[in-house]
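This report concerns only the one structure given below.
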Amino acid sequence: MTKITRAVFGFLVMFCIESLFAAEAVGGVIDLSGYDFDREQPVSLSGEWAMFPREFVSGGADAAGAGLEPVFQRLPGYWNDAGTMESRGWATYSLTLLLPEDAVRQGTPLAFRFSDSISACSYWIDGELVFSSGLPGMSRETEIPVFKPGVHFFTPKSARVRLDIQASNFHYRVGGVWLVPVIGSAGMVADEWNRSTQTVLFLFGALMIMMVYQIAVFSYRHKERSALWFGLICLTISMRILVTGNCLLQQWVPGLHWEIARRFEFLPMAAVPVFFTLFIDELFPSLLNARVKKAIAIAGAFFACVIAVLPVEYSSRYVIVFQAYIVLCMFPLLQALCLAAVRKKSGSGWIIIGFLALAATVVNDILFSRMIFGFAYLLSFGLFAFISTQIILLARNFTLGFNRSERFALELEATNKSFSRFVPKQFLELLKRERIVDVALGDQVERTLTVLFSDIRQFTTISERMTPGENFAFLNAYLERIGPKVRENGGFIDKYVGDAIMALFPDSLDSAVRAGIEIQRELGCFNEAQRGTGKPEIEIGIGIHQDLMALGTIGEEGRMDTTVIADAVNLASRLEALSKLYGPGIIMLESLLDRLSDRSAFGYRSMGSCRIRGKREAFTLVQIYDGLCPGRREKIAANLGDWNLAMAAFEDGRYDEAKALFGAIVDRDSDDLAATYFYIKSSEDVAELV
C-alpha cells in the first residue's frame with residue numbers, strides 16, 4: 001500500500017468509522033459492563049433489538065403492563081425487509097444497555113449520538129424523552145417526517161439503562177432504523193460529531209469553491225462548456241451532502257419541508273450522470289456514442305421529472321432504478337475515458353483516476369443505502385478525490401497555458417519586430433493605428449513630411465562584376481550602416497528600390513538634413529572598410545524636400561502596401577538625380593533653408609537656378625556639404641568666396657566672368673564636379689534643362 005493510499009484510508013477511518021470496537025446486541029440486550037468508555041472508542045448499538053410492532057412504548061413497565069411480547073429484529077434494518085410489517089406503520093425498538101459499575105459510581109458523563117430513522121422517531125432513556133427527529137405518529141396525518149441526527153449527553157444513574165426508539169413511517173418506501181445509535185464518553189462522542197460536521201463543511205466548501213470557479217470560467221469564456229457541466233456536478237452533489245449524514249441544511253433551516261430535503265437527496269442521482277456525460281464529452285469529443293449520450297440525457301431528464309413531481313413516498317420506490325441507472329452510466333463513461341487514455345489525450349490519466357475513485361464511492365453508497373455493504377456514505381469523499389485530480393489538471397493546464405502564452409508572447413514580439421521591418425512603427429503612428437492588424441486598405445493621412453532620397457552612383461556597373469549573392473550581401477552591408485542613421489534622427493525608411501532608399505521624417509527638416517549628413521559620413525567608413533578588403537568604393541546622391549504629403553495604404557485585399565502620394569516625392573527624386581552633375585552632397589531647395597532651426601549650423605553653397613524636368617518654373621538649389629570627407633569639406637569651404645562670385649556672375653549671364661572664376665576653382669580642386677559642370681555650362685550660350 002502506497003503512502004498516499006494509507007493516508008487516504010486513515011482519513012476515511014478517522015472521519016467515518018463509528019466504532020472500532022463494536023459490541024453486539026443479543027435478545028434486546030447489549031453488555032457493555034466490561035467496556036472502558038474513557039479509553040475506547042464509541043460503540044455502535046447494532047444487533048438484535050426488541051421490537052413492538054404498531055405500538056408506542058417508552059419503557060419496560062409500559063410494555064409489561066400492556067402484556068406486549070416483543071419480536072427481535074436486527075438493526076440497522078428495515079421492518080418491511082424483516083417481514084415484521086409493511087413499509088407503512090409504527091413501532092417501538094427497545095434495547096437494554098448494561099453499563100460498567102465504575103462509570104455509574106464515578107458519574108462518568110456519557111453521550112448518545114442519535115441518527116435519523118424513517119421517517120420520524122423519538123428517543124427515550126428509561127421512559128424519559130431525550131431527543132426527537134420529527135414527530136412519530138400512527139397515521140400519515142399525525143406523523144411529521146424529519147431527518148435530523150443529534151447528540152444527547154447524560155450521566156447514568158444505574159448500570160442498567162433502557163433505550164427506546166419510537167419510529168413511524170407513512171412518507172417513504174421503507175420503514176425502520178437504518179443507522180443505529182452510538183454510545184461513548186461525552187468527549188469522544190462530541191469530538192466525533194464535531195469532526196463529522198467539520199468534514200461535511202469542508203467538503204461542502206470545497207465543492208462550492210470549485211463550483212463558483214468553474215461557473216466563473218464559463219461566464220467569462222463560453223467555449224469552456226466543460227467548466228459549466230463540472231460546476232453543475234459540484235452544485236448538485238453539494239445539495240445531497242447538506243441533506244444526508246449530519247443533515248446540516250435541516251439544522252440551518254429548521255422549517256425546511258421534508259419533501260424538499262428528500263428531493264435534494266434524490267435529484268443528484270438523475271442529474272449527475274447527465275452532467276458527467278456532458279463533461280466527458282466536452283473534454284474528449286466524439287469518444288462517446290451519440291445514442292448513448294441521448295439515452296443518458298433522456299433517462300436523466302425523465303427521472304428528474306419523476307423526483308420533482310411525484311411525492312417522495314412514490315418516487316422513493318424507484319431509488320433502485322435510479323441507482324441502477326447510475327451504475328449503467330459508468331460503463332460507457334469509463335470506456336470513453338480509457339479510449340482517451342489510449343489515444344493519449346491530455347489529462348485523461350488523471351481523470352480516470354478521479355473517476356474510478358468517484359465510481360467506487362458511488363457503488364459504496366448504493367450498497368450502504370441498501371444495507372448490503374459499507375460503513376458510511378462516501379460520495380462526497382469520492383467527489384473530493386475527483387476534484388483533487390481536477391485541481392492537479394488545473395495547475396498543470398495553468399502552467400502549460402502560462403508557458404504557452406509566454407512562448408506566444410515571445411513569438412508575437414518576434415513577429416511584431418519582423419512586421420516592423422516591413423511596416424515601420426512610425427508609419428502606424430502617422431496613421432494613428434496602434435497595431436498592424438488595425439491598418440485597413442485605404443487608410444490615409446495628410447500632413448507635412450520631409451522626404452529623403454538616396455541612390456548609389458553607377459551601381460549597375462558595379463553590380464555587373466558581382467554574383468547575385470554578392471550583390472545582395474553588398475547592398476545589405478551598405479544599408480545596414482545607413483538605416484540606423486535614419487532611425488536615430490526620427491525617420492523611417494518607407495521604400496527600398498534596388499540600391500535606392502526613400503526615407504520619411506515626420507518631425508522636422510533639421511532631422512532629415514542631419515540624417516543625410518550622417519549617412520554621408522557613415523559612407524566614408526563603409527568605403528574605408530571596402531578598401532581594406534579590396535572591394536569597390538561607392539558614392540551616393542541625396543535629395544531632400546519638404547511639403548504636404550498624403551500617406552496611406554494602397555493595393556487590394558489580397559496584397560497591399562504603404563505609399564506616399566505627393567509631388568514633393570517626385571521633386572526629391574529629381575533633386576537626388578542632380579548629384580550626378582553636382583557631385584556628392586545633399587541637394588535641396590534654397591527656400592527650405594528658412595525652415596531650418598539654424599541655417600548657419602550647416603555648411604552649404606548655392607547651385608543657382610535650375611529648371612527641373614517636369615516642372616515649368618525654375619528652382620534655386622543649394623548643396624549641403626557637411627557630410628563629405630574632411631578633405632573635400634575644407635576645399636569647398638576654402639573656395640566658397642570665389643564660388644559665390646562665380647555663381648552670381650553665372651546667374652546674371654556674365655558667362656565669361658563666371659567661366660574664369662569656375663576655372664580657377666577647378667584648378668585648385670579638380671575633384672569638384674559642380675565647379676567643373678558650371679565651368680562647362682559657362683562656355684555655352686544657355687544652360688540646358690537638367
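Residue positions begin at 1 at the first shown residue.
In case you wondered, yes, glycine gets a Cβ from its N, Cα and C as well.
Per TrEMBL, domain 'Guanylate cyclase' is recorded for 450-576.
Feature annotation from TrEMBL assigns signal peptide to 1-22.
The transmembrane segment annotation in TrEMBL covers 200-220 (among others). Sequence-distant neighbours of the transmembrane segment (200-220) (same chain, 6+ residues past either end, Cβ-Cβ under 8 Å): 227-228, 230-232, 234-235, 237-238, 241-242, 245-246, 248, 380-381, 383-384, 387, 390-391.
Residues or ranges marked as transmembrane segment by TrEMBL: 227-246 (among others). Proximity of distant same-chain residues to the transmembrane segment (227-246), defined by a Cβ-Cβ separation under 8 Å and at least 6 residues beyond the stretch ends, is recorded for 147, 149, 193, 196-197, 200, 203-204, 207-208, 210-215, 217-218, 221, 261-262, 264-265, 267-268, 271-272, 275-276, 278-279, 282, 377, 379-380, 383, 387, 390.
Sequence annotations record features per position, and here TrEMBL assigns transmembrane segment to 266-284 (among others).
Only residues 6 or more beyond the boundaries of the transmembrane segment (296-314), in the same chain, are considered here, and those with a CB under 8 A from a CB of the stretch are 170-173, 258-259, 262-263, 266-267, 269-271, 273-274, 277, 321-322, 325, 329, 332. Sequence annotations record features per position, and here TrEMBL assigns transmembrane segment to 296-314 (among others).
Residues 266, 269-270, 272-273, 276-277, 280-281, 283-284, 287-289, 292, 296, 299-300, 303, 348-349, 351-352, 355-356, 359, 362-363, 366, 369-370 of the same chain lie 6+ residues outside the transmembrane segment (320-342) yet bring a C-beta within less than 8 angstroms of a C-beta in it. The annotation transmembrane segment is assigned in TrEMBL to 320-342 (among others).
Here TrEMBL flags 349-368 (among others) as transmembrane segment.
Under 8 Å from some Cβ of the transmembrane segment (374-395) lie the Cβ atoms of residues 8, 12, 16-18, 200, 203-204, 206-207, 210, 230, 233-234, 237, 240-241, 244-245, 347, 350-351, 353-355, 357-362, 364-365, 367-368, all in the same chain and six or more residues away from its ends. Per TrEMBL, the feature transmembrane segment maps to 374-395 (among others).
Under 8 Å from some Cβ of the transmembrane segment (349-368) lie the Cβ atoms of residues 280, 283, 323, 326-327, 330, 333-334, 337-338, 340-341, 374-379, 381-383, 385-390, 392-393, 396, all in the same chain and six or more residues away from its ends. Across the residues of the domain 'Guanylate cyclase' (450-576), the predicted structure has a mean pLDDT of 86.
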